[in-house]
Amino acid sequence: MKKPVVAIVGRPNVGKSTLFNRIIGERIAIVEDTPGVTRDRLYSEAEWQGKVFDLIDTGGLEFSEDLITTKVREQIEKAINEADLILFVCDSREGITSTDEAVAKNLRKSDKPVILVANKVDDYLNPPANFYDLYRLGLGEPFPVSAANGTNVGDLLDLVISKLNFPEDYEDENPVVKIAVVGRPNVGKSSLVNALLGEERVVVSDIPGTTRDAIDTPMWYQGKPYLLIDTAGMRRKSRIEEDLERYSVNRSIKAIRRADVALLVISAEEGVTEQDKKIAGLIHEYGRGVIIVVNKWDLIEKDAKTADRYKEHIYFELGFLKYAPVIFVSAKTGQRLNKLMELVDRVSFEHQKRVATSILNQVLREAVVLNPPPADRGRPLKIYYATQIETKPPTFALFVNDAELMHFSYLRYLENVFRQNFGFEGTTLKFVLRERGRTT
């Protein structure tokens, strides 16, 4: 039995994301005074009284003909269908609007249990005058809270728990592979996530930057759990002026750091850009598993050698990621998405691979005999032995006589030898030099 699902819905700027963040205890949804800053469904696991449930934060409901608004409304309808319980958040200071009335009408039709949450009540013994208008929505007694300062949120969670059915034993028996989907704006990240999920869960538009939040979306593929992190497209920080966009960029960086495997999405039409290089550098720096995903491959005129030429172009521009596999896909047509998930499994396995010390040192000795390390000012570098000290990424300690004698080119040689013998496809390798109790 799966965990129960609670969805937070309401019109823009009533405090849904603030309540979401208050419940889960982290700043995951972007909170801003600008209406409509949460466009997509955000998923997070929440716990109260030892009970675990999934919490969904949705974009603000607005009933207009605007393209993004229409798509957001579709997202919310899907969230309502998925939810076991709905928290309908209203602004107790502003009172009822026509949008509130329209949302309430839809919720009454849904036949789902609803808690009407009256937000922005700092003193629930003396609520704002407009608080009492909320009774007119026909959804029962408004529950007063202040998401900003936490007033009455604990009591709200008590009520939530009382209305949910929980499995007797919930065990996370399968480790979850965390996948960050990263890239510049409008290269098809959201379309790729939706294609993998088989539904439109992330707002997709031709307008660059329509995904503002890093959205954690659970999925199952061939009986295994994954967590997809669809990040806001990263722009150069120098071009970002609004606090909202700057926070989105920082969130994208955090998404890379949280991931096991990063999918670097590149547009087949545009090729590798300077911004792609910067994002690739972040993935490499943080030591994540990485797959280079060339999207929109269906739009390219091809011959028998097009893919090989394109791969050469990628490795020329991203020379430091030559260990990363390249796959050509189309989120629009679904081309090679099964192969992509197979690659994710393979890179995840390599990212956490561990090599026995005895085998590692046998390969190391052969490498040193075949190509001895160069001497520096007459002093030879001696490598005594190696051992693997970490995974995610695989990290090796090399015990030497003098760490300053190790040239970066020889470390690169050893890295290539380790890859030839042990694989490590799609993952950074790191080396730590140790000598006489010192670490460098």
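Including glycine, each Cβ sits where the backbone N, Cα and C put it.
From a predicted model like this one, the values you see are computed outputs, not experimental measurements.
As written in Swiss-Prot, here are the features:
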type    : residues                  : note
DOMAIN  : 4-168                     : domain 'EngA-type G 1'
BINDING : 10-17, 57-61, 119-122     : GTP 1 binding site
DOMAIN  : 177-352                   : domain 'EngA-type G 2'
BINDING : 183-190, 230-234, 295-298 : GTP 2 binding site
DOMAIN  : 353-437                   : domain 'KH-like'
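Reported as a whole number, the C-alpha separation between GLY183 (GTP 2 binding site) and THR58 (GTP 1 binding site) equals 23 Å.
LYS16 (GTP 1 binding site) falls within a helical segment according to DSSP. With helix defined as DSSP H, G or I and strand as E or B, the domain 'KH-like' (353-437) counts 32 helix, 22 strand, 31 coil. Across the structure, ASN13 (GTP 1 binding site) and ASN186 (GTP 2 binding site) are spaced 26 Å apart at their Cα atoms. Looking only at the domain 'KH-like' (353-437), the predicted model's pLDDT averages out at 93. Calculated from their C-alpha atoms, the gap between THR58 (GTP 1 binding site) and ASN186 (GTP 2 binding site) amounts to 21 Å. Between the CA atoms of LYS16 (GTP 1 binding site) and ASN186 (GTP 2 binding site) there is a gap of 27 Å, rounded to the nearest whole number.
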